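Colleague: For 1-22, the entry in TrEMBL reads signal peptide. What TrEMBL records for 2-48 is domain 'F-box'. Taken from TrEMBL, the feature repeat 'WD' applies to 184-219.
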Amino acid sequence: PPSPLWALPEELLLLICSYLDAQALGRLAQVCRRLRFLSSRDVLWRRMARGCLNSGFTQLGTDLAPGIPVKERVKVSQNWRHGRCRRETVLKWKCKQVVFFSSFFLMPWMELDGEYLYLSQAENIQAYPLCPEGAGLQCHPQAIFSGHQEDVCRFVLANSHIVSGGGDGSIVLHKIHGSYSVKFSAHEQEVNCVDFQGGLIVSGSRDRTAKVWSLSTGRVGQCLHTVQTEDRVWSIAISPLLSSFVTGTACCGHTSPLRIWDLESGQLLTCLGTDFHHGAGVLDVFYETPSLLLSCGYDTYIRYWDIRTSTRKCVQEWEEPHDSALYCIRSDKNHMIASGSSYYGVVRLWDKRQTRCLQSFHLCSPTSSPVYCLRFSTTHLYAAVASALHVLDFTA
């Protein structure tokens, strides 16, 4: 006769299964087809997924990858935690000589969306289609966005537009699906960093200024504010609330390299931190939420700032084990951080709940360059050095 268990409503069966861990749910799935279907429901795996690395959930519980079953994301998350992945060099290009104490050449930057990876190579930005199921890139770009006379330093992808800053001091705006583009002279020296949100561009330059630009109709390319930072600006980011922006500078003066400015007036709102050493420049910044911010740079530390609690001291910090500069940083907006260092092209994965590095991957030989930029999805991590683009596939 049928088991009384099957007579229970599905809601009660799901409630009973919710007390099981991942191993028990896996064993339950081997009993019969009905239990296999029941034990694979997203609602049972969601709680576990929110505690996993890079499972597609933010700290607030927002699902960033609704098209992927949560159970599969939990399985892939274990690969992230244990460093199980397939490594591949998907693109190579000729590298210019790097001239120290002068301008850096060919420092690639990239952005990633659902179908394409956008990569800067010299003065162009190229769009490479992702292969089916994320297995690498197609060999040839589908589109090329140009306009700079010198190398692209940074660019950002937002609202179907690409905004880039170049070594020629200009900013170029491209519409991704169309021929529309605008170029305007922005700074006296190279534009090291840009961000674009809500119809506004913010840019930072070696000329020791940060600027706010309008993209509204009839005012495209008009400078709204010029901020005198008194130091070279290496990184910049607009707050998700579109009320302020943060600049990361070279820290060669007497002020904090991390400062937050009002987006509407251009006035200084606050400085972050008080214990930066001379030369501890901030090379990358990343907003997780309007009040949570990550920074990294020359002093080898990743710092986690909560503006609600204190602007004088970060709430957490992690130190690069080999005392090397950190060029780039990203997080899954939950538990995982990925960083790229100048030490032999090393990418590191960090769990915010731990103090030590979780995993590290050497992408290059000892004579190769730093990791200048990285981006990741729930299954892949892309990392760019001066001569190649590498991918780590964690579905392996």
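Any Cβ shown, glycine's included, is placed from N, Cα and C.
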Colleague: So, by DSSP, how many helix, strand and coil residues make up the domain 'F-box' (2-48)?
Modeller: 33 helix, 0 strand, 14 coil
Colleague: Need one number: mean pLDDT over the domain 'F-box' (2-48).
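Modeller: Residues in the domain 'F-box' (2-48) carry a mean pLDDT of 83 in this prediction.
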Colleague: So, by DSSP, how many helix, strand and coil residues make up the repeat 'WD' (184-219)?
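Modeller: Helix/strand/coil tally for the repeat 'WD' (184-219): 0 helix, 21 strand, 15 coil.
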